[in-house]
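A quick write-up on the structure given underneath.
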């Protein structure tokens, strides 16, 4: 049976239940978050979209021969992280996006990684994050070098990629599937660590919202010092993937888009 998005599932035999993964796309306005999301879901590149539109999309994917029900939240923060509990408490993994031709968007991505590090420290949990330099097709106007991107990713212990949403679908798909793999590893680790029995009832302590505990207004991190944060432990060296221009088209039939309201698709 064919899926709405992603690869159709093979027929015959008993299918295992799909893994459910929630992925939040973070970054400053103009970094290309919506373009990446639409490219992944439809193989198409959009030239116009509403920067204030935030929505969540679903895609049936197959990653490493395992069915995955992937939900992608295309967030609509403007210039700084705001009302961040909506995705911090929802996502299993995060894709932090900046544009290689914008120093401001790169600095904004650092704020998002700091936010995730603080959230991990407060919750005593690990949240996989991938740093993505977008608009590689604009490399002649670079303001952020590959080395700077790799250094920032290494500082927070996350994977690093550079892609272009308008050029190559396969590499964009690879990044999203890597996010699924990172989330799956973390989910499996948490599942193994979960106790099998609860011997006694324990009082549940409700923590105050992230902003209230740290005196932060709407999760804005403009004045947050990086030295006050305990960075996420580096589980692996930052990996750099540089995507070159490619016009090769995949043979997979382009899926039908049903949820992308407010986009002008070409």
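The backbone N, Cα and C atoms fix where each Cβ goes, glycine too.
Source: prediction; values computed, not measured.
As recorded in Swiss-Prot:
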BINDING   27-34, 74-78, 134-137  GTP binding site
Checklist entry - Can you name the residues of this chain that are 6 or more positions from residue 33 (GTP binding site) yet have a C-beta less than 8 Å from its C-beta? => result 25, 26, 27, 74, 75, 97
Checklist entry - What number of additional C-beta atoms lies within 10 angstroms of the C-beta atom of residue 27 (GTP binding site)? => result 26
